[in-house]
Each structure stands twice: as C-alpha cells, then as structure tokens.
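Peer 1: The structure's right below; bear with me while I get my questions together.
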Ligand SMILES: Nc1ncnc2c1ncn2[C@@H]1O[C@H](COP(=O)(O)OP(=O)(O)OP(=O)(O)O)[C@@H](O)[C@H]1O
Ligand SMILES: [Mg+2]
C-alpha cells in the first residue's frame, strides 16, 4: 500500500516538467507555523472566522512520545509512504489521537508536512479529518489527528481478516456519498479551490457509524484561478488512481480528483483493488477491466462485489456504476463536476435497501439515474 508516483516504481517524483513554486508564503518560526494565504473558505467551514494568521496547536516531542508509550509497537496503527501512524492518548485531556511520525527524509517530506498543517488548519468539514496539532521539534515532524476508530476504507474492502464483517450495500453508498461531499467542499467551497491529488481507499478514514473523512493533504494543491484551466505540476499520486491526462502531461485540474474518485467508487462497488497484480492478465488495472463491461448493461451484475452475495438493489447498482463510468472517462471535460456526483450518490445513499425484503424501496421509488452535468 506504499505511496508512489503515478508513472514509476520509486517512492517519489518521476517527472519534473514544470517548476513547482510553493503556493504559500510559509514561515516556520521556533514553534509556530505562520501562513498568509490568499485563501478563504465559506462560513460553513471556517471556524476561525477568516483569520489570515493560523496557529495550529503545537506539541513537544516528549508529549507525543509519552502519549504513544515511546512509540511502542503495540500502539502502531499502520504505515504509509511517509511514516508510521500510532494510536496515543494525550496527557491532560485524555483525548485518544492518531499520531503520524514522518520519516526524516529531508526537504520533500518537510514540504508535505507544511502543506498538510496549512491545509488542515484552514479547511474544516465533517468529511475531512481533523488535525489536532503538530510537532516540529528539531528534525522531528509529527502530525496529530483525531483518532478514527474504524481505520481506513481499504481495511474494510480488501484483504479482510476472516472475522471482519463485509460492508453492506447501504453502508458502501453512504461512505461514497460522504467522501464525495468532502471532495465537493475542497472543490467548490474553498476559494481558490483545492485539488486533493491523493484520493484513494487508504485515505478515506472511518469514524463511528462508518462516517467517512478524507485524510492526507500533503499533496494537495491550490486549483486554477481566473481564466486558467489547470495548474502544472510534478506528477504525484498513487498508481491506479491517477487520471491519464495528469499522468501524461502533469496538467492538474479538479477533474483529476473526479477520476480518482471514480476509481474509489469502482472499488467500493466491485470489491476489487485499483491495481491487483494477482488477478488474471487483463484484470490488473480496475478501470481497464471495467471499461468494456460498462458498455453492456447486462454485464453490470458481474461487476458487483461477489461478497455482497447478490444483496444489492439492481437499479442502485446500475446507477452507481453509471456514476463511476462517467468519473473515469478518459476525457476530463466529459467527467461530471463533483457537485453532481454528490447529488447522485446522496440519492443512492438515501435509498433504504433491506436485503431480507424482496420489495426493497430502491426498486420502487427510483425512477431514473440522476443526470450529471458534464462540465462547469
Ligand atoms: N486518524 C487516524 N485514525 C486511525 N487510523 C489512522 C489514522 N490515520 C491513519 N491511520 C491508519 O494508519 C494507516 C497508515 O496511514 P498513512 O496515511 O500513513 O498511509 P496510507 O494512507 O495507508 O498510505 P500512503 O502513505 O500511500 O498514503 C492507515 O491505513 C490507517 O489504517
Ligand atoms: Mg493515508
């Protein structure tokens, strides 16, 4: 589940076609990060009332070491491309938190650390993970997040231990709709818009009741402003989730995120991984496998996760696959805007599906697939 650039095997950048100036003026003083962003978010999300001076809570290394019993291995929650994540309990407040200790691998990691702190200090939404604070003691870089008790979506879709319950259809649709809402906030409520760039199942964390929250903003970018249609940047992200035009040209748009969202939605529906080299030839890449099947509605039932054992509404499956198919179209301008994806998925998530009742509501009450606008 390692982090990697789209078009290569190494952990970091493969392409450097364009300059990558920082989007912010960042000042790292002794223990506080200060930022003057030309950036605002709508009232709904801005708890600080539009302040242009953000100071996130800072922790000392000693505080975080004691919260994790000295980063003891039994506190380890997981490990990604940037470092290890531990469960901890903060002294004083007793709050349970997740603490990500970044590998001390120099400038690139430091940049991602700063972007993460800045983004999460500015952006607040029920479907984004909450950053509680950070530690920048000496060369130590740690991020302190709210603890998400159900782990990541990936933990519930792929390689499940035998005792873990599979997600049912309704929960899957609610997770998809919530993740889309988090992305809609970044695209439509933040100004300038934020391109998330790293949407994948391991970055969708689950709170109680399977409430989804997007995490990991270290790769996020401010989107194009004014007449510009894209921002040019190095190609970063995760193989299997990267939009083809972005992987090829480095031109990043909001539609790159919509493509990644489509891949996640396909994983949710099919239970397959974005890339799975253990599958038969021709089935390694989920989108490549799905494309020919999208053309024939009769094949849609073959695409449903077999572990659902047929317990899904037929019409709901068609509609969810239709949304996924639109999101992963090759041409970015043919993909829907995320607001339309939210509308479609909120509708699907609102449909009650009771596998024990043959006349599930979704069969009766849905008349047509919600239509998605193609472009803004
Ligand atoms: N806030 C959190 N609460 C609970 N568990 C978390 C939290 N943040 C991360 N985790 C766990 O730690 C694991 C590693 O997370 P991390 O973000 O470092 O890597 P990743 O997303 O799996 O991979 P990548 O580095 O490629 O993005 C996650 O898969 C998740 O299970
Ligand atoms: Mg992650």
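For all residues, glycine too, the Cβ spot is worked out from N, Cα and C.
Okay, these came from TrEMBL:
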BINDING   100  ATP binding site
COMPBIAS  9-19  compositional bias 'Basic residues'
COMPBIAS  358-370  compositional bias 'Low complexity'
DOMAIN    71-348  domain 'Protein kinase'
REGION    1-31  region 'Disordered'
REGION    355-376  region 'Disordered'
Peer 1: Using a Cβ cut-off under 8 Å and a sequence separation of 6 or more, which residues in the same chain sit near residue 100 (ATP binding site)?
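Peer 2: Set apart from residue 100 (ATP binding site) by at least 6 residues yet with Cβ under 8 Å, we have 82, 83, 84, 85, 86, 142, 143, 145.
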Peer 1: Tell me the coarse DSSP state (helix, strand, coil) of the residue listed as 'ATP binding site'.
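Peer 2: Where the residue listed as 'ATP binding site' sits, the three-state DSSP reduction gives strand.
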